[in-house]
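Features of the protein shown, as given by TrEMBL:
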COILED    458-485  coiled coil
COMPBIAS  603-627  compositional bias 'Acidic residues'
COMPBIAS  638-649  compositional bias 'Acidic residues'
REGION    601-649  region 'Disordered'
REPEAT    75-107  repeat 'WD'
REPEAT    557-590  repeat 'TPR'
Amino acid sequence: MEPSPMDIELDNDKSPPSTNFCSLLMMRRLEGRNLYAVPSSLKAELKKISPQASIDCIIRDSPLFISRLQIGAKLKSHGGCVNSVEWNADGSKIITGSDDCRLKVWSGKGNYALLRSHHTGHFRNIFSARFVPQTDDTQMVSCGMDGQIRHTVVAEAGETRPSKLLGSFTHMVLKIFFVPNLPPQAFVTTHHDGTVRLFDLRESTSSTDGHIILRLRNGISQFSANSLAFDPLCSGQFVVGGGDPRLRLYDLRWTPGDSSVLRVSDLNKGIIGKFKPKGLNAHRDVNVTGVDYNIVATYSRDDVYLFAVRDLQEEDLPKPGLVEDYRQVYKGRTNVRTFLKEVSFLDGAFSRYGRSSFLATGSDCGNLFVWEKSSGNLVQRIKGDHSIVNGVTPHPTLPHIAVCGIDSFAKVLLPTSEVDTFDRDRATKAIEEEQQDDSDDDRDEMYRLIMAALEHRSQRNRALVAQENEKLEEANEKRLAANELFREGKCEEALTKYKAAIDLLQFRGSIPHVEGRRKGALIHCLNNIAACYIRLEKMEEAIEVCNQVLNIDIENLKALVRRAHCYIQQKRKTRALRDLNRALRIDEADGQLKTMLQKAKELEDDDEIVSDDEEEGEEEDDDDDDGGNIITLADLIQSDDSDDGETSD
């Protein structure tokens with residue numbers, strides 16, 4: 001009986017198989033697991049192979065996979081640039097984050113179908129999004145240009161709960177990384193202000209600034225922390241790259257004290273060393289845009305460098321620990337136009353334990369570049385975006401690579417081509433032409449960059465307005481559906497719909513017209529929620545919602561009237577009179593208001609004293625004595641399409 005591929009052992013009497021043999025055997029193994037189709041031209045060769053090779057050997061050296069890469073899937077659904085693409089732990093799902101402020105979850109195999117789409121509460125571009133480990137991919141964290149860090153949870157019924165705001169800053173939050181060997185709720189974030197912060201999802205506070213574990217400084221100057229990578233073999237160690245050419249290596253275990261809790265205030269003392277390519281001037285406009293362990297860094301306006309950190313002994317680190325040397329340099333790609341280009345060893349099916357034979361990064365030309373780690377030779381240059389490739393994420397176990405950039409959709413590169421997709425001569429010629437273009441007069445280059453930036457900004461502004469209008473329309477649909485439920489007496493169901501509409505309105509309009517529509521829609525939803533609570537006889541909840549409306553619009557008549565009705569029901573005469581008198585100053589001819597005022601005056605005095613600033617916009621009452629018929633509850637809380645049924649245009 002032929003042994004299973006999983007039972008293969010190395011025959012000690014035979015020499016190790018060739019690289020091509022290993023690659024073919026690995027393909028045979030993957031084909032047996034139905035992971036992807038093996039090119040038909042290779043099937044005859046596969047049948048001849050006797051599987052007597054070490055799986056480790058096969059996984060370690062698989063250049064055939066690199067040479068057969070092609071775009072195998074396009075994840076189309078976003079309405080803006082996709083800035084983040086990540087696999088889950090077993091590679092069965094993919095999460096993407098975009099300028100459209102949404103998270104989308106995709107199948108990680110087969111047809112790569114869209115599984116879920118989530119509104120996050122972000123109001124500017126999402127830069128980084130990840131699944132929370134050990135949550136069955138039902139929890140996600142994200143950060144972005146708006147300075148927010150958010151936690152999104154999928155309910156059991158499959159609906160998204162309103163996201164929790166974990167942190168909010170005046171600067172951009174760039175990347176999220178979960179901490180190996182710490183509880184799965186612990187993660188760190190890198191920030192444009194130069195800080196790296198630790199967050200814990202178990203903290204009970206609704207919003208926090210996290211715990212600052214370090215600040216990147218060069219003398220008195222502070223600069224951005226762009227990227228970070230943990231050592232997969234020594235989880236306490238991590239490297240940070242940012243707004244200067246130096247990489248900084250830290251060790252969490254160096255923090256003093258016996259407590260199992262991380263002493264974040266002392267982490268700056270735990271620096272192990274600094275690394276910088278020799279001859280790279282620290283004062284040049286050069287910075288690190290992405291890092292990976294062990295340790296590779298991609299630089300803006302320069303090349304990609306490999307630093308052999310694990311090969312260094314403690315005595316090799318000069319005081320104060322700056323090593324100006326590198327093992328290998330990788331040339332050919334350009335990195336000028338964006339500031340968060342990633343670099344990654346192609347781990348997973350290509351290698352194990354972070355010892356990959358290949359590494360990859362994106363380029364301003366829209367291609368993914370792959371080099372052989374040891375030689376520095378370029379082994380693949382393949383189109384990954386119409387403009388720029390920024391994100392590069394290998395599958396955890398298979399030779400699949402997810403990429404993203406300026407396009408509104410991420411791609412998955414698969415080794416499914418029947419022929420080599422890398423032409424070295426053509427790639428060399430294209431690189432030379434690109435570098436020749438880059439060597440034009442600096443003034444012309446600056447002019448092109450400025451004009452491109454202005455055009456890009458204009459395009460993105462138009463795209464952002466379109467995305468905001470889409471949210472407004474979706475919120476309006478949910479609100480109209482809620483109005484129907486309200487009229488049918490299904491207040492609990494209506495509340496759910498209204499709140500879902502409000503979740504869609506958690507952004508700040510990019511232009512005054514959109515912001516005006518958003519505020520109008522928000523006020524309509526909140527007023528109708530108050531009406532639901534009144535019908536459910538939950539007066540305190542209704543009052544709280546009316547307060548929210550009056551914080552937005554101090555003279556909103558419906559909020560004043562509905563809050564006054566709640567006070568009447570609670571026999572709180574003083575507050576009811578104040579709200580009704582304010583309402584009558586807005587609409588002095590309203591007979592129903594005069595009827596309510598008369599009813600409020602008939603209440604017993606409550607001796608309640610309300611300060612002017614206790615509730616928004618309250619004023620002293622007057623004692624006009626107007627009579628009339630008693631207003632009905634239905635008249636007070638009706639949710640009709642003549643007012644609340646339309647968004648404000």
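Backbone N, Cα and C atoms are what each Cβ position is placed from, and that goes for glycine too.
Helix first, then strand, then coil: DSSP counts for the repeat 'WD' (75-107) stand at 0 helix, 20 strand, 13 coil. In the repeat 'TPR' (557-590), helix, strand and coil residues by DSSP number 27 helix, 0 strand, 7 coil. Looking just at the repeat 'WD' (75-107), the mean pLDDT is 95.
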